[in-house]
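The structure appears below as structure tokens.
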Amino acid sequence: MALSELYTKYNRVWIPDPEHVWKSAEILRDFRPGDETLELQLEDGEILYPLDTASPQLPHLRNPDILVGENDLTALSYLHEPAVLHNLKVRFVESKIIYTYCGIILVAVNPYKQLHIYGDAVIHAYSGQNMGDMDPHIFAVAEEAYKQMARNNKNQSIIVSGESGAGKTVSARFAMRYFAMVSKSGSKTRVEDKVLASNPITEAIGNAKTTRNDNSSRFGKYTEISFDKRYQIIGANMRTYLLEKSRVVFQSEGERNYHIFYQICACADQPEFKSLRLCECLNMECKPLGLKPYIIVQPQLKMSSSVLSTGLTEDFQADVFKVLAGILHLGNVDIQSSSDPHLAVFCELLGVSPEGVTRWLCHRRIVMVAETVVKPVPRERAVNARDALAKQIYAHLFDSVIHRINAALQVPGKQHTFIGVLDIYGFETFDINSFEQFCINYANEKLQQQFNLHVFKLDQEEYRKEDIPWTLIDFYDNQPVIDLIEAKMGILDLLDEECVFPQGADQNWLQKLYNYLADNPLFEKPRMSNEAFIIQHFADKVEYQCWGFLEKNRDTLYEELVDTMRTSKFPLLANFFLEEEPGGLGSKGIKVRSARPDLFTNGVCVWSPSGFSTEHWSFLQFRSSLYLLMETLNATTPHYVRCIKPNDEKMPFEYDSRRVVQQLRACGVLETIHISAQSYPSRWTYIEFYSRYSILMSQQELGLNNKKQTCKTVLQRLIQDSNMYKFGRTKIFFRAGQVAYLEKLRLDRLRGACVTIQKHVRGWRQRTRFLCMRGAAIVLQQYVRGQRQIRCWFAVILGLGSNILALAQNLCKGHSLCNFLSHLVKKHAFVYFQGKENCGLLERLTSLSGAHAQIIDKLHGLEAQLEKSAKEKATLEEQVQKGKEDAAKTIGQLQEDKDGLVVENQNLEKKLYRLPSDLKPRGVVVNMIPGMAAQLLFMCVRHADYLNDGAKLNYLILPETAVVLSNIFLQEFMKQSSPSQCKNCLHNFDLSEHRQIFSDLAINIYHQFISVMEKALTPMIVPGMLEHESIQGISSMKPTGFRKRSNSVYEDQEVYTISSILQQLSLFHQAMSQHGMDGGLVRQAVRQIFFLVGAATFNNILLRKDMCSCRKGMQIRCNISYLEEWLKEKDLLQGCGAMDSLKPLSQAAWLLQVNKTTEDDAKEIIEQCSELNPVQIVKILNSYTPIDDFEKRVAPSFVRKVQGLLQDREGASSHLMLDIQYRFQVTFPFIPSSQALEHLQVPSSLRLSFLTRI
């Protein structure tokens, strides 16, 4: 079906809006080709949307409500910008869900609020799960990376990007925490703890407050977590990129320096920091901090074991604080002053010569052919030299701390694989953009190019696996932008050229850009400025101010100052400025493509003819490290996390569509959508399609056994254009809009079915009502007509009576006439009664005649039947005669067989008598009495006591045998024994000291038994309780999107049902019964297993939005009833507590089914859900997902109403998940054995012939 045919009445579209970016509208009239306008209905009135008749650009269609709020944006039928924006808004604002998949990307929206979705229980829930089985989460991405590393033995990378304040650092921290939890190292080094402990250190020295974020990372970090062959952590390594050194000496308005400076100033009064003389900085405005530090509240520095474990010893920390204090004092040095106190403190702290620092800050040495000249420099250049020294010292300090941490993270052992976590700045554009933003955006251009290639690679792989021909797709390629920056005579080439000249200036460089790049369509000159240039990046246009580019790129630090620092008596500072040896860190032999080969030799920077060293130029260093990063990423399997900042005010769960859409355009999400929409964006498995659209199938199609063929037949009938879909090996691929069309057909069919049902129900009700009214009317009519008839007869009788009376009076005047009248009346009466009697006789004669005719017919029938029976009798007599002859022959044959069987039976009896002697024991105990092992050991202990043999007793009381005696030496034994039994107690040895050992051992074995049952049952719980349809046809699958790709799912997985769970429970119960396990222990074990079933199912409901529906609640309650029936069958329902352990799950299922609209509904939820805490109730309400259009989402106002009522609960837990590792306390009641030891028989199959009864 063509996309333009979907623009029909009642469908909805998106139109541009200046405030909300996109606005929804409803179509009022069907669109026809040639229409100049499209009639739309907005919330505030009707509009006419203008169209270009030549090539009408129709507005974007809106997805059906049933598809809104999906976990994966690729599951949407219409893939475009407004659909993505709206889907994220619904999930974030209404459902309070911050994570959403967009194909291979995890979109993470910063909630600006602490959420209960990062606990250890959540980590365990995601561990081992396939991608797409659970709700989107950073843990799901980490699990996918870990699983692919273990499965394919290939290194992985998680790339976390986003603008400042979007939550990149937190996301990267949670990813590393996940690896630390699921792959704990077996050694005592605890590398995972060191990795986590290093995060606050790197944040202190590399993060700062900006206008957009209070904890913004001002550097890029790539953390490699190394694993051994068992995929346990054995080490880690950090690489850093582009530290923003300029922040050390300058911060924009509203921003701050690095956190570490404020933390050290907050400790200025402490004794260990007195020698740093920081109080002198507090008495005046501290220039490096930008404002007085005493008004800034920062956490104080604390020495902890975790910090020490990262390699930062107390001595090294003291040296670091000295360097930081020296930088603060150096930043306060006044160049105009002849003797500055801060300069003296700086030189004292760092052990350098005050004269040398003073001289070479304000002078410069010029070496000529014949002589050397020392020349004073202008104040501006001296200030630049001071700031360059401060930046260089801090950069070296930063690298030194990272080097120390890396050394502590390295442990003995060979790295097998690694997972890298890249926390890097996203695309940035500010009011004023300079050198730092240029480097950041250049890095993002390279990352975007790598991302585009990876998206194509995955799409090609998906098409290849599904046997679908791959077609080329038109997409935005950002290679021209990269060429503009790094190609010959590009921006970087011209910047390098200008930096070579001693008198090079920013304005000269900018003029070269205007001259050489004016014809490039991606480069523009601002209309109102001659000090900036514009680059059209893949995300947006960015205007860069040219001032400071050369200085920041050169990062000029004169050799004389460097020599002064090398002579420092402070070892740490002196090591900072040591000359790099050839082949050291400064020359790794990295081949970086450059436009000026004369400045490079074999890819290594060398001295330029002008005397300037290009080796330490900032951008060259950054480009080299970026090249290494891209080389690493290209050698790994990448996973992408895009962090989004929903608003600039940092308000929790507030969504600014304009800010969000800017970031979506900048981070590549919309480019992914564009690429997906070009081909077949909607992808359904055959099972999903069959379950969802079986309502559109005919009875003949449903009768086919092959569901895959059924789906093909139905789809070919519903959508005539075969180019709108493709049949893959396991999936059906749809073009944009086709799923929405199928949803429309499905909704129309459901609506038609509803109308038919309503028609019949209403007709039945009306007919029933009509028949009831008709019956009542007939009764009323009968009574009314009868009443009228009676009245008429009364009137006639009264009239006749009066007439007869008058006539009689007149006739009585003559006696003869009176006699004649009397005779006439009598004769008339006789004739009347005689006629009446004749009529009766006639009726009786007629009935007798009919009866006589019936009797005659019966007689004829009986005669025919008698004749037939006579014939059958003759036939039977012949058959009987023949049967007698055959029977005689058979009897003779049977007699012969009987004689043979008698002989064979005698032979079998002889063999049976010899059978016991022929059969020998094979070592198998048949019907052994439960507890026999304990009873035998106890008898041996009593014998050792009788012999007073301590050695034999110690041999018997071993940890291996103690378990079978655990129920014997309990104190309760003496209470249950009779006086005669007490005489048989031990006399020579006291075993009371072993009671605790036996008790602990029994508890340990019980827990091991529970663990064995849990291990066997755990894989069945979620598929059997949640995913399998125990009530067939009650659920309806929805599309899962791209995340159900084949490389995330194991093939040939066993399908578990509720019957599988019940069978496994029966096996457990049978094993416990056969081994004579006490009834109390059986009940405790069953209660523990039922708690596991309930907790695991409940946790999955909380983490799976697709499971939170009314139909799924009905399914869960049905499965709970099956479990209850099993308990009744095993006589475990009473006194077990198993059903009580399922109460949270039962209440959650009820919550999914109950009405969620009015205030009374809210109160009922509070009363009924007593086992659920407020966090869990709100989570289920927010996650409730309608499966059909006839269901409604839970309104946010209702959720707020429930939250208000829940505030009155006291002592409620704030944990989201149930702890599936929880163990109920176990008790071992004493149950005396009914087995008399003197009658104990040892089976010979045990081969214990050495035991003899005394």
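Each position is counted from 1, following the chain as shown.
Using N, Cα and C of the backbone, Cβ positions are placed for all residues, glycine too.
Feature annotations, courtesy of TrEMBL:
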type    : residues                                                       : note
DOMAIN  : 8-59                                                           : domain 'Myosin N-terminal SH3-like'
DOMAIN  : 68-747                                                         : domain 'Myosin motor'
BINDING : GLY162, GLU163, SER164, GLY165, ALA166, GLY167, LYS168, THR169 : ATP binding site
REGION  : 626-648                                                        : region 'Actin-binding'
COILED  : 852-911                                                        : coiled coil
DOMAIN  : 966-1208                                                       : domain 'Dilute'
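Every protein chain considered, the tally of other Cβ atoms within 10 Å of the Cβ of GLY162 (ATP binding site) stands at 27. Within the model, the domain 'Myosin N-terminal SH3-like' (8-59) shows a mean pLDDT value of 84, rounded to a whole number.
GLY165 (ATP binding site) counts 20 other C-beta atoms within 10 Å of its own C-beta, drawing on all protein chains shown. Around LYS168 (ATP binding site), a 10 Å sphere centred on its CB holds 28 further CB atoms from the protein chains shown. Listed binding-site residues: SER164, THR169. The one with the lowest count of other Cβ atoms within 10 Å of its Cβ is SER164.
There are 26 other Cβ atoms within 10 Å of the Cβ belonging to ALA166 (ATP binding site).
On its own chain, GLY167 (ATP binding site) has ALA108, ASN110, CYS643, LYS645 as residues at least 6 apart in sequence with a Cβ closer than 8 Å to its own Cβ. Of the chain residues outside the ATP site list GLY162, GLU163, SER164, GLY165, ALA166, GLY167, LYS168, THR169, ASN110, ASN213, SER216, SER217, GLY426, CYS643, LYS645 have their Cβ within 8 Å of the site's Cβ mean position. Around GLU163 (ATP binding site), the C-beta neighbours below 8 angstroms that are at least 6 residues distant in the chain are ARG212, TYR425, GLY426, PHE427, GLU428, CYS643, LYS645, GLN663, ALA666.
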